[in-house]
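Here the structure comes first, spelled out in structure tokens, and everything after it is commentary.
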Amino acid sequence: MELYEEFDKALLELKKIDFTHTKGCQVNLFETTIRHLGGMLSAYDLSGSKHSILIEKAVELAEILFSAFDTPNRMPTPHFTWSATDPDAYDHMPSRSVVLAVLGSLTLEFTRLSQITGNDKYYDGVTRIMNELEKWQDHTGLPGLWPAYVDSSKINQTTVLGTPFEGSDELYTLGALADSAYEYLPKQYMLLGGHSKSYRTMYEKFVEVAKEHLFFRPMAVTEEDILIAGAVNRVAGEPTHLSPELQHLSCFTGGMLAIAGKIFKRPEDVRDGAKLTDGCVWAYRSTITGIMPETFTTVPCKNRTNCPWDTKAWLRAIDPAAAEDVIRDRVAYHKLAPGMVSILDGRYLLRPEAIESVFIMYRITGDSYWADSGWNMFKSIMAHTKTEIAHSAIDNVMDGVPVKVDEMESFWLAETLKYFYLLFSEPDVVNLDEYVLNTEAHPLRRPR
């Protein structure tokens, strides 16, 4: 963006930061890694590797974060207490219920740090986690997928046999709690230059199971051939139960499949990625504000090839026991678009996942449909979130005049606006052949 003066000022401010001190009681390993560590590594790569202060501070922070790995079995604790005066004052233990995304979303940042510094310990630490997830992948309650919560205390580094992890919850999803663990599989393969085949293998295993159990076609009044990534609740010994919901967080899935389809030469994944992305575009287009809600449910089609619109089936899905006029009153009251069954969370939190996939689809296909869709999304978001000084999350996208809730997460700047900017930039601006974007949209250079 050629904001050189602002960048220089930021470097001066960075020099003043002392990462060894924190006002908080605990350090959040995942959020600090993807936002702070990833941000500094990205700034170093994007600025031509010329500013050593970025790496000095990245190493300073990484050394603190790496103390989370100092557990008996080397599985990191997701939140840990840090003391600058006595770093060994607290014993760290692996979690008995850790979010999958926390365990599986550290690879890009620590791998890139090892590549830049030549210190392999960061790469070794995160690779140990992924090796154990790989061993367990075929032995979960839904083989190929990992549950959203994991008991990482079960692994014993001295034990070769046996399943290394036990799922402490039988929820399988690509949305909240799990998303970036799957996202990082093809991206880590790219960052390693394709030299580690494990990440391709893990991706190909999970995506086939996701296609069978998680992806579904929603019944749409326009009868569009789109897909949604839902969730599955699994009870041991019983059939899987699909939760036909769309989370905004799961809208990254289309872009992930498109990228993986290109690098692994799987054109069917690019096609499914387009359908998944279009499912999120449909959700944006369906509401009165032109913005999709945080989470809603819909009616899954009985098959993906032939799904005619059925008004009565839609109304029965909303309430199978109520009279039709009562259901129609409910539809009007909640402003449900045709095909939407319930709004589980009507907020828009300035999230980036939908435009992320739209951007990727446009870069991969060059189809102007995606640029047009992104522009319509941008106009809707600007119309309903802009304030006098910035932008705000809104309370209900189903309301024609939603209330601003005075919240703006950092990912609005780091991700959402960045993806909109890149969508309308030339392809050589953050060229996807040269960079991998972490889950906070921080571009990391792929080694040549």
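Glycine too: its Cβ is placed from the backbone N, Cα and C atoms.
Annotations in TrEMBL come from automatic prediction, not curation.
Listed in sequence order, there are no same-chain residues at least 6 apart in sequence whose CB falls under 8 Å from the CB of GLU31 (active site, proton donor). If you look up TrEMBL, you'll see GLU31 (among others) marked as active site, proton donor.
Under the heading active site, TrEMBL lists ASP179 (among others). According to DSSP, ASP179 (active site) sits within a helical segment. For ASP179 (active site), the same-chain residues 6+ apart in sequence whose C-beta sits under 8 angstroms from its C-beta are ALA101, LEU249, SER250, PHE252, THR439.
Sequence-distant neighbours of CYS280 (disulfide bond) (same chain, 6+ apart, CB under 8 A from its CB) are LEU246, HIS248, CYS251, GLY254, MET292, GLU353, ALA354, SER357, VAL358. For the recorded site, CYS280 (disulfide bond), the DSSP three-state label reads helix. Positions annotated as disulfide bond by TrEMBL: CYS251-CYS280.
Taking the Cβ of GLU294 (active site, proton donor) as reference, residues of its chain lying under 8 Å away and at least six apart in sequence are, in sequence order, GLN247, HIS248, LEU344, ASP345, GLY346, ARG347, TYR348, LEU349, ARG351. What TrEMBL lists as active site, proton donor is GLU294 (among others).
For GLU353 (among others), the entry in TrEMBL reads active site. In the three-state DSSP classification, GLU353 (active site) falls within a helix.
There are 26 other CB atoms within 10 A of the CB of THR439 (Ca(2+) binding site), with all protein chains counted. Annotated Ca(2+) binding site per TrEMBL: THR439, in sequence order.
All chains included, 30 other C-beta atoms sit within 10 angstroms of the C-beta of CYS251 (disulfide bond).
Over all protein chains present, the Cβ of GLU353 (active site) has 26 other Cβ atoms lying within 10 Å.
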